[in-house]
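Single-structure report; data block below.
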């Protein structure tokens, strides 16, 4: 399913990659330059990043699996004890295959890949897709984690899981984390998330993900929700795992019912 055309400012600050190259890459994904957009996709020498030009203090959004919070989470996080690991059913030597159908910036998927799961990513928004692709390509070159990520984490060239064939593209687990409107006042929402939400908005068609997810999942579908959100599709899960601010609603696949 092709995403409708996205207009955003395209800027190159790179000495190696020209604006023409960035524009051509974006055109392949139905992204066009729109000079009045407050959002900009910027190519620097280091990476591709998203900025909100009218709120520069919010900083840039980019995908970084190698340093920063992801490095800390990989080295000092809970690993198998993390809530997402328990929710997808990691236990003992059991490492389920996973399709993350709302990949976003890839953080939960990275945690699962670091533990040893093979994770395939699907991202519906073309700008986020390019940010994710850029972050993955950089991480694949890393001496410490590059080889592991090449084996365990890949971005599929589709923009919706309904493009996948349940007969050949199935996985043990399908993971869904659709964007949900924040209850807090915007000042309390993390800066990065404010930029991200301005681009993506709330997932108004999130309910359309559950049925194809159930068709693709051999064992379970896991839906991450804010603790105050209703069930996806209004459908009662088989059980839920609750954390401080979220819950994971778990729907067992047909083979597990």
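Backbone N, Cα and C define each Cβ position, glycine as well.
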S-adenosyl-L-methionine binding, same site as 107, 108, 123, 124 - Swiss-Prot member from 54, 169, 172, 177:
177
Once the chains shown are all counted, how many other Cβ atoms turn up within 10 Å of the Cβ of residue 177 (S-adenosyl-L-methionine binding site)?
22
Fewest other CB within 10 angstroms, which one of the binding-site residues 107, 124?
107
Let me make sure I understand the span of the S-adenosyl-L-methionine site: among 107, 108, 123, 124, 177, what is the greatest distance between any two Cα atoms, in Å?
16
